[in-house]
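Below: one structure, written as structure tokens.
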Amino acid sequence: MIILPHINKGDFVWLDPTALGRNDSRQFILKSSEFPAIAARVLSVWTDQQGGEHIILLDDQSNKLELGATEFQRWAIRPMHPTSIQGVSDLIQMVELHEAALLRNFQIRHRQNIYHTFIGNRILVSLNNNLSEDIHLYTEDENQRKELIRSYRQRPPHELLPHIYAFGAEILRFVKKGKNNCCVVFSGETASGKSELFKQLLNFLSADFANQNFELKLNSAQIIIEAFANAKTSRNINADRHEKYF
């Protein structure tokens, strides 16, 4: 008899999708070639008349799956660590460092309308989701923007939500502390939001200048550059066709 005393209703677990055979009727759940593990929540645990244990699971895509006792070992069920259940703002805090756990963390935060995640102090992961529409991230209101910049300048980065401003504050601390030069690389596929992040970082870094027209000049220069050096592509109606070096 195979039982799983460590699995209870409400628990979150990982499943091995390679357990699905090619002709398994449950293939629709996930393709093992695309996902390294399935995240699921235990809806119920029950025992049949022969004493065999059964569990009903609900995965992150809202697919239900019932497993009998003979399938427990084949699916390699293992408990999910709390950091993978709730999500974290810094990937360094994660205990389960595998592809499925990382992707699930981004998914959890995206559903909460949180589009930035730290990887330590030197790396920021940003998901493009019309960020300018979220008042907590970017705002066109001058007073709100200045207040947001002030908050990230005055408080340690990890006390606030991950943000390009927090990244900018870390840059300023690094440069001022040892009078070091600093290089920032924006990496991502087309239409991933690199240009918008670049503009917001410039706004943050230029806010210290005594000349109030400095930021305006930077933004005006960007408009002129984009007018001549941007173009429509199959994936982006306003893609940069040039390199930036500031």
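Cβ from N, Cα, C; glycine included.
The ATP binding site annotation in TrEMBL covers Gly188, Glu189, Thr190, Ala191, Ser192, Gly193, Lys194, Ser195. Taken from TrEMBL, the feature domain 'Myosin motor' applies to 86-246.
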Neighbouring C-beta atoms (10 Å sphere around the C-beta of Ser195 (ATP binding site)): 18
Same-chain residues at least 6 apart in sequence whose Cβ lies under 8 Å from Ser192 (ATP binding site): Ser126, Asn128
Which same-chain residues, if any, lie at least 6 apart from Gly188 (ATP binding site) yet have Cβ under 8 Å of it: Ser126, Lys194
Residues close to ATP site centre defined by Gly188, Glu189, Thr190, Ala191, Ser192, Gly193, Lys194, Ser195, Cβ within 8 Å: Asn128, Asn236
Overall pLDDT of the domain 'Myosin motor' (86-246), taken as the mean: 81
